[in-house]
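Here TrEMBL flags 89-120, 221-248, 254-281, 302-323, 329-347, 359-380, 392-411, 416-435, 447-472, 484-504 as transmembrane segment. If you look up TrEMBL, you'll see 93-504 marked as domain 'TRAP C4-dicarboxylate transport system permease DctM subunit'.
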């Protein structure tokens, strides 16, 4: 009988029909075979559950080891000590954090951790496995929607949309105390529905709103803070790049996640606007004087309307079944070209190359993280880390509320140190099973994940949005951080609403048939 390592290489060599398609359950079965000294003579196929139901031939093992192996393949009752290899997981995380502290980018630290676990752990896989898994990480048709949505947002921005949105929002909220803070939030909300990217949303709105707010008498630190906070709306309001990533990682409907993000996005925008109003009243920020000019309002609204219809077109095409998420992204690019060149006539051919370059650059950073995270996440699944963590937390008998609070705490702590994408990729495979075991639904979990990790975008020391606004506004990070405290409290309140009122995320997907 071949040894465990030799058999793993033998099975691996069978190609895509074997390891590539069997999924985590099939890998767990192979792990059980290696650890029990059992040789399965039948093929690991694309349906692990059906394969496990068929008869497997054992050679040279007694009944006790057969039972242990069979339990390790399919039952959740097996003790963790029989089903996982702590040394491999220890090597994975030790190498990851060492490389991270050495100053390497997160993506290379993840790659280094995976390679170290493969070389010195108990995986018994050939080195070529890393390349294969990395390729699989980016091999998803759903991910093709990311560059298209980003390109549509870039085209809309270069077509003069941001100023049009700001003028309409100022008509609506400018006469309130601290009204430009609310205009900032409203602009970020609408623009986020076009780009799906928090960084793009924050950078674009900051270039327009920070100078305008400062010129109207607002402190520069407050202008930067409200821009950094409201920039996170871009990852919640559909189409959201992060929701697409969550859907791919957890096999959740992208259309359903988009529907689930509508009400939380509106809610978070409303909470931020209330926060800006309270701060404005307390500190006596200026407000616009004079009466509402309805003629100018209707004219500005009519000018912005063609662009404002794009999110509805995207969601409508997905909900009605006219297009998938990827096809809807393609339609959004065509629509953005039409609006920018024919309707607004501000988008020239010379603007296309910079827009494509920006979209491709952002897409590259997302895709390389998704690709490199695939072997990292596979090792965690293979070593049953999600199962072990879920079993441990559920075994505490703390109840659903304490369980989800623990999940949020982990997300927040990790969000302090990791950017949104890597944190989502690392934590989703581990914590989503925990939240599901506590009775929470996938759409609710997805929005809690996204909003909590988005909180980290405007929280030091890694907060990406803070660095963006500080760079644009030429302001010290400490001054901005102090101004962000009310928005941290507002975000915590919004997350609590998602936890206690699940219909905020489940009602709209259910009505739309998801």
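For all residues, glycine too, the Cβ spot is worked out from N, Cα and C.
Confidence in the domain 'TRAP C4-dicarboxylate transport system permease DctM subunit' (93-504), given as mean pLDDT, stands at 84. If you look at the transmembrane segment (89-120), the same-chain residues 6 or more away from its ends with a CB under 8 A from one of its CBs are 127, 129-130, 133-134, 368-369, 372-373, 375-376, 379-380, 383, 385, 418-419, 422, 426. Against the transmembrane segment (416-435), stretch 359-380 has more CB pairs under 8 A than any other of 221-248, 254-281, 302-323, 359-380. 329-347 is the stretch from 221-248, 254-281, 329-347, 359-380, 392-411 with the greatest number of Cβ pairs below 8 Å to the transmembrane segment (302-323).
Residues 144-146, 148-149, 151-153, 155-156, 158-161, 239, 306-307, 310, 313-314, 317, 323 of the same chain, all 6+ positions outside the transmembrane segment (329-347), place their C-beta atoms under 8 angstroms from a C-beta of that stretch. Same-chain residues lying 6+ beyond the ends of the transmembrane segment (221-248) with a Cβ under 8 Å from its Cβ atoms: 140, 142-143, 145-146, 149-150, 180-181, 184-185, 187-189, 191-193, 195-202, 205-206, 209-210, 213-214, 254, 257-259, 261-262, 264-265, 268-269, 272, 276, 279, 285, 311, 314-315, 325, 328-329, 332, 366, 370, 420-421, 424-425, 428, 446-447, 449-451, 453-455, 457-458, 463, 465-466, 468-470, 472-473, 475, 479-480, 482-484, 487, 490-491.
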